[in-house]
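Engineer: Take a look at the following structure, please.
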Amino acid sequence: MTNEPRSSLRVAIGAGGTGGHIYPGLAVAEALRETPDVNVQIDFFGARGRLEETLVPAAGYRLHTAEVDGLTGVRGSARAASRLARAGAHCARQIRELGVDVVFGTGGYPSLPIVLGARLAGVPTLIHESNAVPGRANRLSASLSARVAVAFPEAARGFTRNEVRVVGTPLMADIAGLDRRALRDEARAGFGAAPGQALVVVCGGSLGSRRLTDTALSLARRWRYRNDVRLVVKAGSEHFAAASAAVEDLGNVLVLPYLDRMDHVYAGSDVFVGRSGAMTVAEISHVGVPSVLVPYPHAIGDHQRHNAQALVTRGVARMLEDGELTTANLERSVQDLIGSPAERATTTDLPAGPNDSARTVANWLLQLGGLQAAAREVVNA
Ligand SMILES: CC(=O)N[C@H]1[C@@H](OP(=O)(O)OP(=O)(O)OC[C@H]2O[C@@H](n3ccc(=O)[nH]c3=O)[C@H](O)[C@@H]2O)O[C@H](CO)[C@@H](O)[C@@H]1O
């Protein structure tokens, strides 16, 4: 009977901390909800006071939050470890009360309590690792979960005791199916780019990067008399007010606290400048935006450099070391791309190709929830 399709599935998704750990969860949730003939109910679990409190309800899902500390805290202090244990026990109770069939964790410490709760409640778990070098939270999650989905084959080495499948990175549908040409004019108008102006978007990851922002604002000042370039700078909510005030006399730059429509960013920009977090890199390589990537130098295992290097090798991006991030060097890198229509066209015209990573993960979750037939039906559709 276990192969019989059921009509409903209840999924808990642990996702939080930064965009890189939230959007893959939202992408898989989108794919799950599209499963024909199955009523999928989804609850998200994250940390109090983090970005998920904005992004998850905005996407229409219920979010449960717990007090959790970063992993340095778990290692370093008994109080943090006992807080995680308490949050895990609480999640186990919620799993039983809600009737959760399967748990998905996207990495980052906010997803730890629900993965621990699943282990305590005896519910099957799957986790996803989007970086080439597994993060700390996921190495701990993997000791609690039998299965790991990885974006990069080389990440599998970090999970020798698990069932591992290489699935790529789940992208949101608006980016997975992006038609850059169709959206280009609307996107550019939204950012205030006039016809003929090159649009350069600077975005230091989901939380923003003070260093990238300050360098970009200084470039805006250097370019104040150029009317052929429009700069958009995502400053992050904490630095937004100061960043806007610093350039209020300039007409060539738009400062924003957060970029709600990354599909518009990728469709409208001629050059993208950013950190090289796993999601950003997966998105850029999928849509083919000419980019300058400045790896965050303190990322675990220097994984942002590995992420960026993969794109540099494919000719989609240039890399600028954080230590070399000066206004002059940023100007040179961006100007090189603005001034090379041929290079831009090559990268821009790369076909995006299918991204079925979210569907692959959704199908694995359906199988774990005993809905093998539903998973097969989607694959064969
Ligand atoms: C400082 C830190 O620990 N960063 C990590 C964090 O990156 P972080 O979450 O900052 O960066 P990622 O590139 O992985 O993901 C950012 C995501 O947020 C979206 N976005 C970003 C900005 C914005 O204004 N609007 C928006 O929607 C992007 O399109 C992307 O989907 O998790 C990644 C995945 O483990 C890691 O590789 C990074 O090292």
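Each residue, glycine too, has its Cβ placed from N, Cα and C.
Pulled the feature table from TrEMBL, pasting it below:
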- 12-149: domain 'Glycosyltransferase family 28 N-terminal' (DOMAIN)
- Thr18, Gly19, Gly20, Asn131, Ser206, Gln304: UDP-N-acetyl-alpha-D-glucosamine binding site (BINDING)
- 200-346: domain 'Glycosyl transferase family 28 C-terminal' (DOMAIN)
Engineer: So which other residues, same chain and not among Thr18, Gly19, Gly20, Asn131, Ser206, Gln304, have a Cβ within 8 Å of the centroid of the Cβ atoms at the UDP-N-acetyl-alpha-D-glucosamine site?
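Structural biologist: The surrounding set, listed in chain order, is His21, Ser130, Gly205, Arg275, Gly277, Ala278, Met279, Thr280.
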Engineer: I'd like to know the mean pLDDT over the domain 'Glycosyl transferase family 28 C-terminal' (200-346).
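Structural biologist: So the average pLDDT across the domain 'Glycosyl transferase family 28 C-terminal' (200-346) works out to 92.
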Engineer: Drop a 10 Å sphere on every Cβ of the binding-site residues Thr18, Asn131, Ser206, Gln304 and tell me which sphere holds the fewest other Cβ atoms.
Structural biologist: Thr18
Engineer: State the count of C-beta atoms found within 10 angstroms of the C-beta of Gly20 (UDP-N-acetyl-alpha-D-glucosamine binding site), not counting that atom itself.
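Structural biologist: Here the count is 25.
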Engineer: For Gly19 (UDP-N-acetyl-alpha-D-glucosamine binding site), list the number of other Cβ atoms lying within 10 Å of its Cβ atom.
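Structural biologist: Total other Cβ atoms inside 10 Å, all chains included: 20.
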Engineer: Taking the residues Thr18, Gly19, Gly20, Asn131, Ser206, Gln304 listed for UDP-N-acetyl-alpha-D-glucosamine, what is the greatest CA to CA distance in Å, to the nearest whole number?
Structural biologist: 16
Engineer: If H, G and I count as helix, E and B as strand, and all else as coil, what does DSSP give for Asn131 (UDP-N-acetyl-alpha-D-glucosamine binding site)?
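Structural biologist: Looking at the DSSP assignment, Asn131 (UDP-N-acetyl-alpha-D-glucosamine binding site) belongs to neither helix nor strand, so coil.
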